[in-house]
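Taking it in order: structure first as structure tokens, then the write-up.
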Amino acid sequence: MAGIEVVFDFDKTIIDDDSDRWVVEQLGLTDLFIKLVPTLPWNILMDRMMKELHSQGRTIKDIAECLKRTPLHPKIISAIKSAHSLGCELRIVSDANHFFIETILEHHGLMDCFAEINTNPSLVDEEGKLRILPFHDFNSSPHGCDRCPPNMCKGLVIERIRASAFTKGKNRIIYIGDGKGDYCSCLKLKEEDYIMPRKDYPLGDLIRTNSSLIKAGVHEWSDGEELERILLHLINTVKSEDHSTNIGNFSPLTSVDLNSHAVALSAQEPFHAVIEVPH
Ligand SMILES: [Mg+2]
Ligand SMILES: [Zn+2]
């Protein structure tokens, strides 16, 4: 049995867009969003957007219907189902929120594949308004990591996942992500782990720029088809190592060329011509 934790980012990794950006644009809040983005932290701004939708008479169901239309590559769905059926434990670590993620996963029949979703909590208040809260309460217990936004440090989540996974015999992590917010996670991974950064997205650039800090094996993917192929290959590699017990002496795929390609840590991600998403 492969002792593998597969940890997925959500936006631009499981879905092929950013769920926050998708809802803001699809429900007509782009202008207000752009006006407020310089004044509020992202997480609070999204809560403000939900307030605005409620004041315009949009219901939770409207938001859910909008989320169900987000693009999700069919090969990502089969990759998730295959990894789960091969005995891996699957988790999500995302700076979106529970309502967005669960609505999309349920729509595609994927909720049962995941052991845990680590993201910003959400709730529906007494007025029927969706509220989005920070994962870490940055007033009462700031996470203290200067690489990450105040509401969520993914590196801390990875440390906790490793501690709990170890007690269950899952001692290898495969981390799949695309954004700057995933870099802190990658710094916590070890030689026996793998990182699957999305090709030509900010995480891959950060890994190349800081290659001396990265211990895990790096394998890039660019679309759902490639994600599925590489993920299943890595899982099978780990499983075959279980038999040979010769850990560390293999090269199943050509690792990404870690040449220098400087990208400032503070640079914004130009995900979209109108709305830039910093995670
Ligand atoms: Mg992402
Ligand atoms: Zn961090």
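For all residues, glycine too, the Cβ spot is worked out from N, Cα and C.
Feature list (source: TrEMBL):
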ACT_SITE  Asp9  active site, nucleophile
BINDING   Asp9, Asp11, Asp178  Mg(2+) binding site
ACT_SITE  Asp11  active site, proton donor
BINDING   Asp20, Asp95  substrate binding site
Open item on the list: With every protein chain in view, what's the tally of Cβ atoms within 10 Å of the Cβ of Asp178 (Mg(2+) binding site), excluding that atom itself?
Closed with: 25
Task: Candidates Asp11, Asp20: member of the binding-site residues with the richest Cβ shell (10 Å) - done: Asp11
- [ ] Using DSSP with the three-state reduction, classify Asp11 (Mg(2+) binding site) as helix, strand or coil.
- [x] strand
Task: Integer Cα-Cα distance in angstrom, Asp20 (substrate binding site) to Asp11 (Mg(2+) binding site) - done: 9
